[in-house]
Amino acid sequence: MESALPSIFTLVIIAEFIIGNLSNGFIVLINCIDWVSKRELSSVDKLLIILAISRIGLIWEILVSWFLALHSLAIFVSGTGLRIMIFSWIVSNHFNLWLATILSIFYLLKIASFSSPAFLYLKRRVNKVILMILLGTLVFLFLNLIQINMLIKDWLDRYERNTTWNFSMSDFETFSVSVRFTMTMFSLTPFTVAFISFLLLVFSLQKHLQKMQLNYKGHRDPRTKVHTNALKIVISFLLFYASFFLSILISWISELYQNTVIYMLCETIGAFYPSSHSFLLILGNAKLRQAFLLVAAKVWAKR
């Protein structure tokens, strides 16, 4: 049974790869069509396009890394190839996490209602705020790349001094764990920011519901529905990201202790986030949901 597990996990990874490319490709396609037809696009739709593209890149990185790890081929990659592979992973993962976090901030500034002058100032300049945050995250990306490059250089120097198979395999595993740990630490910041956005949205919704109960008893309020939909999107991101974060954390621990089964399981769970969360974004967006249902109806009618 254990010998069949790599094949089973590989099939799951491939399924996640297909779902992820279809869902993220759908987001890009529909928004680009809308952009061409209307000659304009909202800020949230632009964020979704960039987020979907970054996730497509991340999904491809996950697939390539999976097969390299499965067949122990990563150690044979050249220094330049190793840098390209790891840097591509870092860049796609960086924008994947930060753009989803920025989306949470966007919903907070657009939907939440606070009387704080600072919040009102940011709310009036939401597009500039989003752009400044996006540019500011490049500092984290730059620092992450510098740290990883130092780890790569250190490992390559040791590898050139001692090229025996046993040393190379054990040292590469230690190097891989160090890379994962560094990436995990840099991933904590966007998760924390998204979590704070979620708490502020909850607080804003609670205040709004209390106000509605006092002043508008018996009436349905569309703003409450907007709050709820935004919370669903942010909660789904937090839950998927938490599973992604924990899977990475457990996978580098299992890799350190050479537990192959746990490592493969965690890698499979981690790939679920960029593949499936985009599908929830489609269902949570009125335009994308309508287009998806239309396509699904046409496909079903042809059967």
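Using the three backbone atoms N, Cα and C, a Cβ is placed for every residue, glycine included.
Over in Swiss-Prot, the protein carries these features:
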TOPO_DOM  1-7  topological domain 'Extracellular'
TRANSMEM  8-28  transmembrane segment
TOPO_DOM  29-55  topological domain 'Cytoplasmic'
TRANSMEM  56-76  transmembrane segment
TOPO_DOM  77-85  topological domain 'Extracellular'
TRANSMEM  86-106  transmembrane segment
TOPO_DOM  107-128  topological domain 'Cytoplasmic'
TRANSMEM  129-149  transmembrane segment
TOPO_DOM  150-184  topological domain 'Extracellular'
CARBOHYD  ASN162  N-linked glycosylation site
CARBOHYD  ASN166  N-linked glycosylation site
TRANSMEM  185-205  transmembrane segment
TOPO_DOM  206-232  topological domain 'Cytoplasmic'
TRANSMEM  233-253  transmembrane segment
TOPO_DOM  254-261  topological domain 'Extracellular'
TRANSMEM  262-282  transmembrane segment
TOPO_DOM  283-303  topological domain 'Cytoplasmic'
Are the transmembrane segment (262-282) and the transmembrane segment (8-28) close enough that 3 or more Cβ pairs fall under 8 Å, when only pairs 6 or more apart in sequence count?
yes
Could you check if the transmembrane segment (233-253) is in contact with the transmembrane segment (86-106), meaning 3+ Cβ pairs under 8 Å among residue pairs at least 6 apart in sequence?
yes
Taking the transmembrane segment (129-149) as reference, which of 86-106, 185-205, 262-282 has the most Cβ pairs under 8 angstroms?
86-106
Restricting attention to the topological domain 'Extracellular' (1-7), give the mean pLDDT.
71
